[in-house]
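Working notes, structure below.
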């Protein structure tokens, strides 16, 4: 079937099926009988229908207009020949007519071009996102999600998985085995991965959401994995060697997580961004089972609890390091990357990507009620841990034998991002936790001398948007995981908090100068010329010491027990740290002294390569232009300082910032 345009409109004309010949009415002047073949019968019928159609040629609108214009021009020429006007008048009229004609031609072709553009736009398929943008909403019968399916990426990942598997396993061994060794319990002689492979089933990317922001690209990647992993953990006991070695296998692993990936800042060099940061958007779901094989059940019943508790501790530690707003930042075009940026502004943006506090949240831990008893005498000894990141954690004092404790303690925590969640966990303190030895309770809820009582979380967006707002609220405590959609739940009691947020930019200089106590943020940036050897390995420790060491009461402060440490950088006499190099010291007094030591790892006692000390009062009174605000800030120090070292010229680059309590 096709449509034939005529002056009377469109007429539908049916054509025969392909390969069917016309059926003639007469052959050699004789009438032909009706066809018996269905196709031939259909063709004869359509021939009869179309016989009545007009056979004259149809004129288009453009041809008609051209004819009218030609007739009008002929009449005009005949009129001019009859009238015989003045030559000047004829020239003026001709010029005016040409101008009008040119104007009409311009408008005509402009209109044609505009219609072609509209037609081109309307012929495009906008897709679901385009429809939502154009219409503002979508019909209820259309399913729409911000996350794009990535089947093409999963198919590509299947082909590359054997290589990724080897690379991921090698990285895990390199990173995790030293952590396991540093936290190895004394009951185990050695722990390592005897076998490590994730099998043939690759990780699956379920969806990706992309946000284009000025100067950066943010992605959220949903990842799921449930495969045939072959992971064996070898555990040597203090005696017996291979005969007492335990090799539990980690089986039935389930891993579900959403990764937040940020590319920032965007630059005009390949690969187009200076650094990438990766973090868990929320706590991931990690489930597994330990299989001891042919080991007798009496041995596994005793060893399963401590081994699982140790594995859980390592997993929680690694997740805590990279749980948003904490992150892993990898510089690509700056520092020791493949192509130095040689641009201080780019380096500064990379440091900003690594995470810089935007403000401070004041948390007033008031009281709790309706707690459950965890001691044999029908009471509990509760205390609370609060944190915005695992590196920034505060702990209340223990209140003994009380199911409705009142702490009335104020804690301050840095806030890195607007979508930060304040998390808290409550524990029952036991000097000796007998239940952990008896194996009566799950090792996942027991950590040494404390027993898990419940947890709660609250997003800080409301307090950040309404800066200065001080509000008190009751939060339910539950034992659910952070990964639950409804949160930790409730049923384990209630806790009352008071919250107030202040941005760093809104803390006045006079308030800092007159402060007696506050937070001290320390950033270890890099060291220079630690030794003449390129094989130098080093790390940095940060702590507080009392200015008056003779004051024994002052020396017992809890803040002096806080010692922060950077990762060790090997084979570099001028190392630069990009991760785990920002620390927050709490309850810092103006009378304290900051001590920064550069250490060299050794087999027995680590050697000190250099030391820097500075009185906190000097930090508070220092006024300097901030790298971040480009304005003079009180209580801010950014410089490199001589620390001596093996060469006598070793220096350390630091950034210090004091924030007062209020």
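If you go along the chain as it appears here, the first residue is 1 and each next one adds 1.
Glycine is treated like the rest: Cβ placed from N, Cα and C.
Now, the feature entries from TrEMBL:
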TRANSMEM  64-83  transmembrane segment
TRANSMEM  89-109  transmembrane segment
DOMAIN    146-333  domain 'SMP-LTD'
TRANSMEM  307-324  transmembrane segment
DOMAIN    340-475  domain 'C2'
DOMAIN    499-629  domain 'C2'
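Helix, strand and coil counts under DSSP for the domain 'C2' (499-629) come to 22 helix, 59 strand, 50 coil. Per-residue pLDDT, averaged along the domain 'SMP-LTD' (146-333), amounts to 83 for this model.
DSSP states for the domain 'C2' (340-475), grouped as helix (H, G, I), strand (E, B) and coil, give 23 helix, 59 strand, 54 coil.
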